[in-house]
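Taken from Swiss-Prot, the feature compositional bias 'Basic and acidic residues' applies to 566-576, 874-883. Residues or ranges marked as domain 'SAM' in Swiss-Prot (evidence: sequence analysis): 771-834. Marked as region 'Disordered' by Swiss-Prot: 30-50, 414-439, 490-522, 566-773, 852-883. Annotated repeat 'ANK 1' per Swiss-Prot: 8-37, in sequence order. Per Swiss-Prot, repeat 'ANK 2' is recorded for 68-97. According to Swiss-Prot, the feature repeat 'ANK 3' maps to 101-130. For 134-163, the entry in Swiss-Prot reads repeat 'ANK 4'. Per Swiss-Prot, the feature repeat 'ANK 5' maps to 181-210. According to Swiss-Prot, the repeat 'ANK 6' annotation covers 215-244. Residues annotated as repeat 'ANK 7' in Swiss-Prot: 282-312. The repeat 'ANK 8' feature in Swiss-Prot is assigned to 316-345. The repeat 'ANK 9' annotation in Swiss-Prot covers 350-379. The repeat 'ANK 10' annotation in Swiss-Prot covers 383-414.
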Amino acid sequence: MGEGALAPGLQLLLRACEQGDTDTARRLLEPGADPVAGPEAGAEPAGPEAVRAAEAGAPVPVDCSDEAGNSALQLAAAGGHEPLVRFLLRRGASVNSRNHYGWSALMQAARCGHVSVAHLLLDHGADVNAQNRLGASVLTVASRGGHLGVVKLLLEAGAIVDHHTPSGESPATGGSGDELLGITALMAAVQHGHEAVVRLLMEWGADPNHTARTVGWSPLMLAALLGKLNVAQQLVEKGANPDHLSVLEKTAFEVALDRKYRDLAEYLDPLTTVRPKTDEEKRRPDIFYALKMGNFQLVKEIADEDPNHVNLVNGDGATPLMLAAVTGHLPLVQLLVEKHADMDKQDSVHGWTALMQATYHGNKEIVKYLLNQGADVALRAKNGYTAFDLVMLLNDPDTELVRLLASVCMQVNKDRGRPSHRPPLPHSKARQPWSIPVLPDDKGGLKSWWSRMSNRFRKLKLMQTLPRGLAANQPLPFSDEPELALDSTMRAPPQDRTSHLGPPEAAHATKDSGPGNPRREKGDVLLTTMLRNGAPFPRLPSDKLKAVIPPFLPPSSFELWSSDRSHTCHNGKADPTKTALPPRASRAHPVGCVGTDGATSRPVKFPSISRSPASPASSGSFNHSPHSSGGASGIGGMSRLGGELHSRSGGSVDSVLSQIAAQRKKAAGLCEQKPRQQSSPVGPATSSSPPELPASLPSSGSGSSSGPSSSKKLDPSKRPPSGTSATSKSTSPTLTPSPSPKGHTAESSVSSSSSHRQSKSSGGSSSGTITDEDELTGILKKLSLEKYQPIFEEQEVDMEAFLTLTDGDLQELGIKTDGSRQQILAAISELNAGKGRERQILQETIHNFHSSFESSASNTRAPGNGPSMAGWTRPEETVSSRR
């Protein structure tokens with residue numbers, strides 16, 4: 001035992017326990033005590049050196065152990081010395097102590113079949129389900145030895161019959177038992193041919209079909225290995241599966257044949273349905289091997305012989321169709337599809353389909369074929385990617401492949417009526433048939449970053465994708481960049497607009513229902529224009545991504561992206577293509593063209609604004625000023641950079657200033673005319689909020705109210721009843737009547753649209769900070785409409801977006817009840833009215849500050865940079881006093 005390193009007293013105690021010498025153990029543990037009884041029968045008497053050591057030495061600890069961790073109690077239990085075990089337990093020996101291999105005293109007694117000792121240990125609280133480091137339990141070691149009495153005792157004491165996982169309370173297991181075979185007590189008894197123990201375990205519910213990990217052997221296979229016919233019969237009677245295959249694909253019948261146990265083989269032969277493969281079958285390659293070799297004829301023979309082979313799954317969970325899609329052999333793909341291979345099956349590792357494999361490996365012809373055969377483009381891999389997402393991840397994606405997948409994905413979304421919560425494509429709809437995709441013939445390509453913004457572009461309300469609370473003078477990186485500005489790539493030529501569906505920036509707030517609504521075709525125009533005018537660079541630097549925001553998105557806290565909405569003011573007439581859009585009724589306000597949104601779809605002319613500079617959409621340049629309308633109305637566009645920025649948008653400084661000077665003279669008269677201008681054919685549209693200051697004035701330090709000249713030219717008696725608001729500050733360019741407008745709805749829309757336009761045009765105002773979702777939740781709770789909260793959360797509608805919703809938007813969100821929509825619209829109207837008054841006070845304060853500042857700095861103002869702020873004060877004060 002290697003006791004040389006132990007103290008003499010410990011060596012004597014361990015030797016006495018191993019030999020069953022109770023007297024010596026008592027002398028060592030109780031110095032000075034008289035022996036009560038002699039040594040146990042069969043035990044060696046203690047030598048004179050042991051007696052002297054016991055008389056002269058100090059007491060020896062009862063839980064001492066040798067180098068292997070075996071304690072005195074374990075040695076006594078292994079030897080079956082019941083009196084010594086009883087004495088050690090009385091002296092306080094630990095009943096559940098383990099040696100270095102995880103063996104306890106009970107396991108030692110069970111291994112050797114000592115029933116009385118095992119019973120004594122169980123009475124003192126020994127763990128009946130303890131396991132050693134090999135994962136063997138107390139019941140397993142007892143079954144291995146065939147000790148029927150101990151097995152029965154353990155089962156009656158509560159031992160788990162199929163306990164094959166390591167016990168977590170064992171201090172020495174270390175979790176390594178999970179990597180072992182997982183042998184159960186039944187398997188141990190079968191392996192060693194103990195029929196009585198097998199019968200007892202089966203009566204206690206042992207699982208006859210439990211298999212050992214890593215090798216896949218069952219108890220029936222172990223019986224076949226030993227040729228134990230009686231044991232095999234017991235197992236089959238209890239439900240053992242004779243068709244079970246090991247990892248070597250062998251059954252118990254084949255094991256018996258290999259071991260030449262004829263009687264056992266004859267017994268298992270009629271019970272086994274999985275027949276052994278012949279030598280020819282073993283030599284014949286499977287369909288995966290044939291696909292890897294590209295042998296079309298062999299694949300065809302295998303598929304003809306058994307069509308089920310086309311849907312086999314290999315170790316990685318891949319199907320033959322996936323392998324063919326990777327290799328790029330179109331004839332093989334066609335053959336497998338004709339044999340009814342599952343095109344939409346996903347592998348078990350990554351969740352990829354055959355379409356994803358073909359897309360990722362650039363096999364364009366296979367992608368076309370699979371799409372024509374109806375492969376599902378909406379399926380997502382385990383990481384959430386679709387086939388379209390995968391092609392966008394490529395460093396140099398094939399442009400035609402991108403168009404192909406994009407058109408089909410849009411058609412799928414169109415067929416489904418509306419995009420799901422996570423559609424597979426960043427764009428919404430397409431006009432091409434699914435089976436025969438027709439792609440735009442252009443040479444550009446989508447950028448890889450476009451897929452990152454897909455979820456934002458498809459939302460009902462897009463303003464939550466824009467940064468909030470940005471300063472009015474924040475630099476914008478699209479000014480002098482060598483590549484095309486995004487608004488330029490999105491526009492169509494002005495002379496061709498009547499033949500197109502309309503610019504995408506005008507379609508994002510329309511409805512999906514109803515004939516002639518451009519929303520159902522917006523995504524196609526968006527995709528087509530992006531493909532035709534995509535920037536030549538394959539990737540954009542990461543530091544530019546924050547600036548890649550399409551100009552047609554509704555503004556959040558400044559009006560940079562509303563420039564393209566000024567088409568109604570170009571050349572003094574409305575854009576014919578925009579008259580097909582539903583209206584958002586709006587009260588007139590001093591910024592932009594002075595007029596209100598009407599309810600009809602007739603084109604409206606604005607002769608007073610014919611001198612306005614071209615908007616960025618038609619000029620191809622981008623205005624730096626966050627408050628510029630791109631020259632749409634010629635007013636409200638002066639920023640801190642003065643006329644220089646207006647000239648960048650294609651306009652003239654003199655033209656802008658002359659219009660400003662002319663229009664600011666009639667700011668007061670304009671406000672008086674407003675109630676008369678708000679009547680419309682669809683119902684009352686009188687605003688519930690007081691008129692506000694020009695929202696572009698406070699933040700930019702320059703801006704203007706409408707003057708007398710513009711008011712005179714836009715006299716209500718001469719304005720068509722369907723007058724469209726020429727301001728570019730509208731967050732929803734909706735210009736045609738809703739399907740079923742009502743008076744209350746129109747009134748709510750008026751307040752929502754007008755107030756939101758004014759609040760958004762103040763670049764650094766407080767309106768951009770209203771983003772608390774709790775506020776929106778509280779509003780819905782007050783209205784007792786909490787059931788619609790998940791709808792707003794799903795569409796990411798924050799408080800800022802909520803204030804811009806119209807009746808049509810609410811219907812599109814899924815709020816079908818008229819009463820609920822009316823409640824929400826009334827709440828929006830009241831909120832916009834209150835926030836408008838708050839902004840008015842703030843704007844007046846900021847305006848007074850700028851007026852004082854400009855007056856002090858008027859001596860240093862460079863000529864041509866715009867009029868002094870001091871000259872802008874009187875019209876604003878007049879307007880405020882009349883409010």
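Each residue, glycine too, has its Cβ placed from N, Cα and C.
Residue counts for the repeat 'ANK 9' (350-379) under DSSP, helix first, then strand, then coil, are 16 helix, 0 strand, 14 coil. Assigned with DSSP, the residues of the repeat 'ANK 3' (101-130) fall into helix, strand and coil as follows: 17 helix, 0 strand, 13 coil.
If one looks beyond the repeat 'ANK 3' (101-130) by at least 6 residues along the same chain, the residues whose Cβ comes under 8 Å of a Cβ in the stretch are 68-69, 71, 73-82, 85-86, 89, 95, 137-139, 141-142, 144-145, 147, 149-150, 153-154, 157-160, 163, 167, 169-170, 172-173. Packing against the repeat 'ANK 5' (181-210) from elsewhere in the chain are residues 135-137, 139-148, 151-152, 155, 161-165, 218-220, 222-223, 225-226, 228, 230-231, 234-235, 238-241, 244: each is 6 or more residues past its ends and has a CB under 8 Å from a CB in it.
Helix, strand and coil content of the repeat 'ANK 5' (181-210), in residues and according to DSSP, is 16 helix, 0 strand, 14 coil. Each residue in the repeat 'ANK 7' (282-312) gets a DSSP state, and the totals come to 24 helix, 0 strand, 7 coil. DSSP places the residues of the domain 'SAM' (771-834) in helix, strand and coil in these numbers: 47 helix, 0 strand, 17 coil.
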